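Here is what TrEMBL says about this protein:
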COMPBIAS  166-179  compositional bias 'Basic and acidic residues'
DOMAIN    4-270  domain 'F-BAR'
DOMAIN    485-545  domain 'SH3'
DOMAIN    570-628  domain 'SH3'
REGION    161-181  region 'Disordered'
REGION    423-443  region 'Disordered'
Amino acid sequence: MDNISIGDELKDGFKPTEAWIKAGLNWLSDIESFYKERASIEREYSEKLKNLCAKGFEKRAKVSTLLSVGENPTVTPGSLESATLVGWNEILTQTESISKERANFASLLESQVIHSITDMQTRYDALRTRWSNFNNELVSIRDKNYDIMNKAKKDYDSACQAMENQRSKSEKSTSDKAQHKYSKRQYEMNCAKNDYLIKISIANRLKDKYYYQDVPEILDGLQGLNEAKVSKLNSIWLTASSLEKDTCNHIISLNDAMDVVVKQNLPKLDTVMFVKHNMTEWREPSDFYYIPSSIWHDDDEMIVDGNELTMLKERLNTAGSTYEKLGRLCTDEKQQVAELVSHRTELMGDTFSEVQMKTPQDYLRFEELLNNSLTSLQKFTSDDTRRVIAEVEIESIQTATEGKDMTIIRVEEKKKKSRFGSLFKKGAHDQPDQESDDVQSLASGMSKIHTTSGGLKKGRLFGAVSRNISMISHGTTSTSTTTDSSSPTATAMYSYTGTGEDELTINVGDVMKVTELDDGSGWTTVELNGEEGMVPTSYIRVVEPVVVASAPASSGKKQGPKVAPRRGAKKVKYMEIMYDYNAQGDDEVTVLAGDKVLVVTEDDGSGWTEGEIDGERGLFPTSYGRMV
């Protein structure tokens, strides 16, 4: 329950979530109206106070389903209500027992309760609007790239038509001019095709990025807004209760009954109920694919010969520079967003796990952090989108040109290998002061990107920790059947079918040994029937082992990274050196036969591998070793 996330549990759930958040904020008007009317009734004593409570019950009944599970839940809640509504019901019930109040109490209600609700509604509705605008902005960017892809398709069709027209003319004329025009049209058609294929990849990647990365972060932002609203509302309710105790000491026992229920209203309880009653069988939108021209029949392979290859080399070079620059920038921006999320948790986390009153300054600080988080996330998302576009271009071109010589002739004052080692060597090393035409691989300015077949990993970057709705139930744990008392176990709460070689298929009720806890990626590594693999953390319930008091190692347990790593990262690889090699440059490393070297960057076709041994990192010839 502590780690429930709307972004992880509801795919493409912005519209229902935003409507739910908006309804909750609009509902504050009902609460504000309640306290205003109560202040007036307090001056007229108990009779009108009783009538007011009747109105409160009626209003609560009207919005009970809406506030508990939203407008159109997939599961009917029946008589169940959200924890906030339960708390509200208790307040109305106890207020109904209060038959007489003083005018001073009414004045205190107006100045300290009603004003706070009005101020909270205004502030939080402005925050909701910002998150909504941010989503609209992301949708606009996504759809814009869809339009760019469609335009590329039209340009490709036009080029095919022009090619066909020129072919017909060339058959009637054998002149050099006609043949030259034919070659030119063919080149234009091939370039248009390549551009169309790249735009398809970009559109698919941005589609995945929107549904698996951008939307979850927006939903978590809205969730944080709602939970802060509930937390602040709890604080206001407790303030009203405290004022009433001071004014009417003879009804302290009735107000204590209110407090007991309100303090059980953990902000995430409403979120859990809303998520449980709105989970649907969401299907990911289909990927875009290459559609050949109806005029010029072709396949979905890029043209990588002649002038087309030169164009791809230049495009790869440009994309590589952009990717390297944005990669460093996005790393810093991602860390900044993660730190802001961490600060928000540190500031308000205790009020989300245990209802308590916070100072107005604490809520102002949280609102400031929430605003700063949105600003930083917007900047990171924008730069990360540009980085993804560059990455897709690199991957698309590298895949299409596998085995091709992507060399570009450049004239440089000094020959210099990149940190990634993609340099072609010719015999002895050049003299430092020698000026020559430097023949250098295009990949020398960047690392060859190795990605899994899935491209962009469809997972979270921030706050993607263990999200198990079932943990809210009763806080109980099942008995472990494993014989290893030093390792935690897990029980499958839902069935899951593995979709990759590193994933495991589990069924409801399976008891597994946890070999690697969730590091923030949303996945846990388990062992079942002798097989090891990863399963979604939200599909299992982890049972921690009993810790012996005298065990000193438990205090030094490493914490997970602040920023979740990408799912499916490559495993560490090593090479065994077969021949001695002495470093001949500052960016090389000396290796001896029999050494085991950690592979930092694999050979990208240049004949060189970057490795690390004994804390030293550098290049060495790939042919001098073998993978182990």
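Glycine is treated like the rest: Cβ placed from N, Cα and C.
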Original post:
Sequence-remote contacts (6 or more beyond its ends) of the region 'Disordered' (161-181), Cβ cut-off under 8 Å?
Top reply: 188-189, 293, 295-296
Original post:
In the domain 'SH3' (570-628), how many residues does DSSP put in helix, strand and coil?
Top reply: 3 helix, 28 strand, 28 coil
Original post:
In the domain 'SH3' (485-545), how many residues does DSSP assign to helix, to strand and to coil?
Top reply: 3 helix, 29 strand, 29 coil
Original post:
Do you know the mean pLDDT across the domain 'SH3' (485-545)?
Top reply: 83
